Amino acid sequence: MATFSTSQPLSLPRHPTSSNPNQPTTNNERSRHTISLIDRCSNLRHLKQIHAQMVRTGLFNDSYSASKLFALASLSPFASLDYACKVFDQIPQPNSFTWNTLIRAYASGPDPVRSILVFLDMVSDSRYGPNKYTFPFLIKAASEVSSSSLGQSLHGMAIKSAVGCDVFVANSLIHCYFSCGDLDSACKVFTTIQEKDVVSWNSMITGFVQKGFPDKALELFNKMETEEDVKATHVTMVGVLSACAKMRNLEFGRRVCRYIEENRVKVNLTLANAMLDMYTKCGSIEDAKRLFDTMEERDNVTWTTMLDGYAILEDYEAAREVLNSMPKKDIVAWNALISAYEQNGKPNEALLVFHELQLQENIKLNQITLVSTLSACAQVGALELGRWIHSYIKKHGIRLNFYVTSALIHMYSKCGDLEKAREVFSSVEKRDVFVWSAMIGGLAMHGCGNEALDMFFKMQEANVKPNGVTFTNVFCACSHSGLVDEAESLFGKMESTYGIVPEDKHYACIVDVLGRSGYLEKAVKFIEAMPIPPSASVWGALLGACKIHANLSLAEMACTRLLELEPRNDGAHVLLSNIYAKSGKWESVSELRKHMRVTGLKKEPGCSSIEIDGMIHEFLSGDNEHPMCEKVYGKLNEVMERLKENGYEPEMSQVLQSIDEEEMKEQSLNLHSEKLAICYGLISTEASKTIRVIKNLRVCGDCHSVAKLISQLYDREIIVRDRYRFHHFRNGQCSCNDFW
């Protein structure tokens with residue numbers, strides 16, 4: 001196609017009195033020549049030159065020529081809505097095409113509602129009414145603003161205008177209703193179309209997939225394939241493959257791939273990527289690799305999909321190799337690897353990838369990067385890095401959407417800085433259910449039960465409806481604060497008042513609330529009355545309560561039921577073993593541990609971590625691997641001697657092994673990982689700095705007592721997060737009453 005050079009003047013038609021024999025002389029010739037120039041126009045500057053000449057020669061009064069110019073001003077790659085509106089205002093008698101063009105331009109622009117205002121101006125001009133080309137653009141505008149009521153109004157007007165059954169209008173309505181979440185209306189429109197085209201089917205299939213009904217999408221494809229004489233396109237196949245990926249239906253997905261080959265559906269890059277995504281989501285990395293190797297064209301989506309596929313299978317070495325092989329690494333690929341590590345319980349690895357990402361040039365962190373990294377920080381207690389990310393957000397003006405806000409609250413809460421979490425919560429005006437739930441969860445894990453309940457009721461005053469996560473967090477708050485009546489009352493209202501059917505996790509929470517407060521028999525009756533079969537988490541909650549209250553017979557029953565559901569649950573074996581040990585039943589302890597050895601079950605080792613100068617230091621029980629272990633043990637000896645001078649006596653009941661010598665028992669207690677981490681904090685931080693320790697298991701009673709005494713004798717604030725909650729130690733006191 002010919003284009004204009006900016007260094008040469010346009011060859012525009014001259015006035016009919018011109019003596020140049022090469023210039024067109026008749027109106028038809030001038031019109032054809034002008035339209036030819038418009039068709040070849042490549043930028044706004046040239047278009048304005050044509051416009052000016054048309055006005056001078058009077059050709060702008062020709063409706064066809066004017067509408068061609070206006071269409072280019074409105075819809076071309078170099079279009080300018082401001083300029084297009086000025087052109088429109090100059091057209092003496094805009095026709096239906098011109099009105100529809102302006103409506104279309106606004107519907108696709110940044111303010112789609114303005115297309116409705118143009119439409120109202122159009123219908124006020126009695127010469128032109130809407131036609132079948134008008135409504136698809138208006139309905140698109142309704143889709144863009146997700147206004148179901150506007151879509152319904154336009155639907156009614158289309159019917160009154162006798163174009164409601166037009167397939168193009170109907171297809172637009174299907175897309176609109178799906179966009180607004182009105183699936184019933186979309187289905188009704190679909191059934192009214194007498195001659196459905198492939199776009200009709202594609203709109204329904206894609207809509208069902210996007211709205212979380214992939215099974216309906218596959219049913220529709222089956223019907224389309226077997227009952228209708230409609231040939232599928234690559235758009236159809238992308239939708240169907242997406243449904244297979246969401247359902248993890250590899251068999252159907254392979255059938256679709258055969259269908260594509262047998263029916264010679266054109267495979268472009270989008271479709272190839274959809275096939276690749278289906279294979280990886282369904283766990284068939286071999287099929288994905290074969291397809292990947294045969295693809296002549298690949299983009300970053302292709303590479304990232306393969307990276308995700310390996311990450312799903314936890315083959316991080318292969319995922320890393322894909323990242324390293326990418327011709328151009330974008331933020332999406334980095335995010336995929338960070339998220340994969342974070343979501344699969346490898347937060348330290350996620351943070352290492354994040355630090356590597358920071359060294360890359362010309363790659364800007366986005367909200368997804370920050371949310372994944374903040375979640376990893378929360379898992380390991382990386383408060384300093386979390387603070388850095390918060391500062392980065394402020395410095396770069398990144399908008400605090402609901403996801404980022406929730407992640408910040410969660411990070412600060414899990415890293416032990418509840419006040420900062422409160423600050424973040426208070427700093428945002430708009431809060432969705434996840435933001436409220438995050439704050440309630442933060443208060444819960446810090447033992448602020450009454451405040452968490454107050455927050456729950458304030459959330460309702462703000463007209464935010466709680467969800468299942470909200471109730472889980474509220475019940476946890478009640479559990480750690482002994483608010484039994486409050487938890488029972490809210491549980492009874494979940495379905496009747498809030499419309500939320502209790503799930504397994506909610507039943508487990510109530511068992512924990514009752515059991516932790518000593519109502520073991522009531523907890524058993526609650527389990528027996530459950531309308532759904534009790535899960536492993538329910539029996540686990542009862543077993544944990546039995547340990548607190550040393551109820552051996554009930555513990556054996558709970559453990560038996562739990563192991564029936566999860567025979568290889570190492571935590572259940574260890575918990576029952578500990579109950580036996582505290583009861584002095586060493587023979588039973590020996591039998592359980594022998595059973596674990598024979599079956600290959602291993603106890604999760606106690607591990608405590610502490611962040612110093614942005615680095616996470618981990619300690620196992622009796623750890624000798626840390627480079628400063630000699631200084632740590634030296635400090636530990638000093639601390640224990642000083643504690644004994646001030647009345648400390650080791651709690652030998654916490655020794656869960658059969659050890660005869662008292663000295664060996666004491667040494668066994670002293671080697672607990674949280675004691676080592678606290679001592680490392682004492683030698684590595686300033687006296688004014690809070691020591692924050694994260695432990696993967698429960699804090700034992702002896703370590704709890706030691707932490708209280710250290711906080712008093714060394715005048716240090718110590719915050720320990722174990723598997724279940726936070727323990728704040730200051731001046732020899734702990735903020736929580738029950739440390740189990």
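Keep in mind that glycine also has a Cβ here, set from the backbone N, Cα and C atoms.
According to TrEMBL:
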COMPBIAS  1-10  compositional bias 'Polar residues'
COMPBIAS  16-28  compositional bias 'Low complexity'
DOMAIN    647-740  domain 'DYW'
REGION    1-31  region 'Disordered'
REPEAT    197-227  repeat 'PPR'
REPEAT    268-298  repeat 'PPR'
REPEAT    299-333  repeat 'PPR'
REPEAT    401-431  repeat 'PPR'
REPEAT    432-466  repeat 'PPR'
REPEAT    467-502  repeat 'PPR'
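Remote same-chain residues near the repeat 'PPR' (432-466) are listed as 402-403, 405-406, 409-410, 412-414, 418, 421-422, 425, 473-474, 476-478, 480-483, 486, 490, 498, 500, 721, 725-726, 728, 735-736 (criterion: CB distance under 8 Å, separation of at least six residues from the stretch ends).
DSSP labels the residues of the repeat 'PPR' (268-298) in these numbers: 23 helix, 0 strand, 8 coil. Mean per-residue pLDDT, taken over the repeat 'PPR' (197-227), amounts to 93. Helix, strand and coil content of the repeat 'PPR' (432-466), in residues and according to DSSP, is 26 helix, 0 strand, 9 coil.
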